[in-house]
Amino acid sequence: MKALSKLKAEEGIWMTDVPVPELGHNDLLIKIRKTAICGTDVHIYNWDEWSQKTIPVPMVVGHEYVGEVVGIGQEVKGFKIGDRVSGEGHITCGHCRNCRGGRTHLCRNTIGVGVNRPGCFAEYLVIPAFNAFKIPDNISDDLASIFDPFGNAVHTALSFDLVGEDVLVSGAGPIGIMAAAVAKHVGARNVVITDVNEYRLELARKMGITRAVNVAKENLNDVMTELGMTEGFDVGLEMSGAPPAFRTMLDTMNHGGRIAMLGIPPSDMSIDWTKVIFKGLFIKGIYGREMFETWYKMAALIQSGLDLSPIITHRFSIDDFQKGFDAMRSGQSGKVILSWD
């Protein structure tokens, strides 16, 4: 079958031919319809320090997808041939304390699809049936293919009560923009997103965010005054991993504020901890999606009118995958979809 693989320990991803994966007793075989390129895939393409330590070579990559069930393991129940599915990219062990306690998103033995084992940038994918999620008929293939990153946004945004709150989102990548849109959709008062990338800030404006702020040109405190805010942000969603953005968030949080962190900062990032202590801030780390509460919330948000369509900016045939990666690497894109049909 046709697949995109990391074939060499150097920059790039290559089209290759690999065997169709074998179906296990508890697995589903999925014929891929559409995939989306993640920031993680760009890291793998660039072959940065993290990728060099993490990614086995050669391996099929990719973990954002939608497809159709074409094979079912003999122990699997609840699925049928033809079901349209996406899937949770974190494969968990099932026997650690968190897995047995129903907190599978906190599994200490997580294996990543397209990171630690073969991924979805291929005509067919095999995953455990436990990880598959049926897509409702009224959700398009394009939107279903980005459920993985949308799930990161939903998990982060819904970590705290947002109704009537003022929310700061730092980082206007696709996940940050989707998190801001979720916050607005579920009843936040003011949702402010910050970045220095004007293309992506404009995408945020198209998504109906209260205010998209280029912090290289505008002062966040001035924006807060403009919005009539007098006590700081109630909730912070840190999506950038940029130390200056996190420091600004700490500066502008209200006392008792709550921060969810999805962005990965440098390991040696320094902050003024007195602001955390004396403001009584609560900081929560976010990794992946809650299984499968986040997935049900994703479907419900779209079905209740959340419009994510502006975040998908580029669509290519899989044979033009290089154009897709070029768009993602340029920073001048939202989500990029690759069609396998």
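Placement of Cβ uses the backbone N, Cα and C atoms for every residue, glycine included.
Taken from Swiss-Prot, the feature active site, charge relay system covers THR40, HIS43. The Zn(2+) 1 binding site feature in Swiss-Prot is assigned to CYS38, HIS63, GLU64; the stated evidence is sequence analysis. Residues or ranges marked as Zn(2+) 2 binding site in Swiss-Prot (evidence: sequence analysis): CYS93, CYS96, CYS99, CYS107. According to Swiss-Prot, the feature NAD(+) binding site maps to ILE175, ASP195, ARG200, LEU262, GLY263, ILE264, ILE286, TYR287.
For the pair TYR287 (NAD(+) binding site) and THR40 (active site, charge relay system), the Cα-Cα distance reads 13 Å.
Same-chain neighbours of the Zn(2+) 2 site beyond CYS93, CYS96, CYS99, CYS107, judged by a C-beta within 8 angstroms of the site's C-beta center, are, in sequence order, THR92, GLY94, HIS95, ARG97, ASN98, ARG100, THR104, ARG108, ASN109, THR110. Counting in whole angstrom, ASP195 (NAD(+) binding site) lies 19 from THR40 (active site, charge relay system) by their C-alpha atoms. Ranked by Cβ neighbours within 10 A across all protein chains shown, the binding-site residues CYS99, CYS107, ILE175, LEU262, ILE286 are led by ILE175. Of the listed recorded positions, namely HIS43, HIS63, ARG200, the sparsest Cβ surroundings within 10 Å are found at HIS43. Counting Cβ atoms from all protein chains shown, CYS96 (Zn(2+) 2 binding site) has 16 others lying within 10 Å of its own Cβ. Cα-Cα distance from LEU262 (NAD(+) binding site) to THR40 (active site, charge relay system): 13 Å (rounded to the nearest whole number).
Taken residue by residue with DSSP, LEU262 (NAD(+) binding site) is part of neither helix nor strand, so it is coil. Nearest by CA distance to CYS99 (Zn(2+) 2 binding site), out of the binding-site residues ILE175, ARG200, ILE264, ILE286, is ILE286.
In this structure, of the binding-site residues GLU64, ASP195, the smallest number of CB atoms within 10 A of the CB marks ASP195. In the structure as shown, the Cβ atom of CYS38 (Zn(2+) 1 binding site) sits within 10 Å of 25 other Cβ atoms.
Here the CA atom of CYS107 (Zn(2+) 2 binding site) lies 33 Å from the CA atom of ARG200 (NAD(+) binding site). Geometry remark: CYS107 (Zn(2+) 2 binding site) versus GLU64 (Zn(2+) 1 binding site), CA distance 20 Å.
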